[in-house]
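Colleague: Pasting in a structure now, in structure tokens, and then I'll have a few things to ask.
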Amino acid sequence: MPVVIGFEGSANKIGVGIIRDGEVLSNPRRTYITPPGQGFLPGETAKHHRGVILTVLQEALDEAGLKAADIDCVAYTKGPGMGAPLVTVAIVARTVAQLWGKPLLGVNHCIGHIEMGRLITNAQNPTVLYVSGGNTQVIAYSERRYRIFGETIDIAVGNCLDRLARVIKISNDPSPGYNIEQMAKKGNKYIELPYTVKGMDVSFSGILSYIEDAAHKLLSTGQCTPEDLCFSLQETLFAMLVEITERAMAHCGSQEVLIVGGVGCNLRLQEMMGVMCKERGARLFATDERFCIDNGVMIAQAGWEMFRSGHVTELSDSWITQRYRTDEVEVTWRD
């Protein structure tokens, strides 16, 4: 039963998690939060991560009740993500692996989300909807790859939500997406927005441009409230995601849906997906914010699977990449 420690820091979350044979031993994390109306920049995010990563590492070890000698492998996020934060985490993971004399493993961020979701929910062979601030993909496993059946052709769904939060100055604490979700519950007027599904792919940039242009006019003239805008954007974006997920399910003959990624803990998205699954006689699987939002233990879990199937990353190959496709990874740990 190998024990794997995972380092995640591809965006504004820095997390360190430890897993042993499917058991989560620890999973502390910190979030870099910016003032309302502002996003997070790579350099400032990396500075935040550098300031807290050793504290988070010590918390993970203390919470798990383990020492360096108890760890069998060190996993880190290789990509995709923001360059400067990824480099920060990779340097720490490389240093720790060398100091402790442990093998190193570079993990695909999306694979981490999928494997964590499969572990927590016990989904067997689901159609996966991966939705976050930087990624939007519909994925299914086939012949040792996680195949991408559909994806965004421009920006990610989480980015679209975050940008609305900036326009109408919604707080980034604990996250703009969470605050939009709470405001949307109070919205009761639907504002018609562009709906852009292109085959199996989706496009969010046109919706964003429309709502950025119209928001101040609609709000200043009293045609709607900020809550109405949040409600309308959520309903439109999530309907598009449900549509392409259902299409992928039909193509694969799948009876399971697994939602992963930071946007995946949105209860309205889960509710809409649940209605579609019920109509198809399928099952929906999702996790809460502990495992949906970027965290260290998801990297540890994917690393655990990879390590057991013989993967190790040589020090000379332990670089990072901002572009790392989900379907580039050979999945040697599944039948």
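Backbone N, Cα and C atoms are what each Cβ position is placed from, and that goes for glycine too.
Relevant sequence annotations retrieved from TrEMBL are reproduced here:
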BINDING   His109, His113, Tyr130, Asp294  divalent metal cation binding site
BINDING   Tyr130, Val131, Ser132, Gly133, Gly134, Asp162, Gly177, Glu181, Asn266  substrate binding site
DOMAIN    29-300  domain 'Gcp-like'
Colleague: Roughly how many Å lie between the Cα atoms of Gly177 (substrate binding site) and His113 (divalent metal cation binding site), rounded to a whole value?
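Modeller: Counting only the Cα atoms, the answer is 18 Å.
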Colleague: Do me a favour and check the Cα-Cα span between Asn266 (substrate binding site) and Tyr130 (divalent metal cation binding site); whole Å is fine.
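Modeller: Checking the Cα atoms of Asn266 (substrate binding site) and Tyr130 (divalent metal cation binding site) gives a distance of 12 Å.
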Colleague: I want the residues beyond His109, His113, Tyr130, Asp294 whose C-beta is within 8 angstroms of the mean position of the divalent metal cation site's C-beta atoms, in chain order.
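Modeller: So the additional residues around the site are Ser10, Cys110, Gly112, Ile114, Ser132, Asn135, Val260, Gly261, Gly262, Met298.
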Colleague: In sequence order, which residues at least six apart in the same chain have a CB under 8 Å from the CB of His113 (divalent metal cation binding site)?
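Modeller: Set apart from His113 (divalent metal cation binding site) by at least 6 residues yet with Cβ under 8 Å, we have Tyr130, Ser132, Val260, Gly261, Met298.
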Colleague: Would you mind checking how many other C-beta atoms are within 10 angstroms of the C-beta on Tyr130 (divalent metal cation binding site)?
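Modeller: 26, counting other Cβ atoms within 10 Å of Tyr130 (divalent metal cation binding site).
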Colleague: Count the Cβ atoms, other than its own, that fall within 10 Å of the Cβ of Gly134 (substrate binding site), considering every protein chain shown.
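Modeller: Total other Cβ atoms inside 10 Å, all chains included: 20.
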Colleague: So the record assigns Tyr130, Val131, Ser132, Gly133, Gly134, Asp162, Gly177, Glu181, Asn266 to substrate. If I measure every Cα pair among those residues, what is the longest distance in angstrom, as a whole number?
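Modeller: Binding-site diameter by Cα atoms for substrate: 18 Å.
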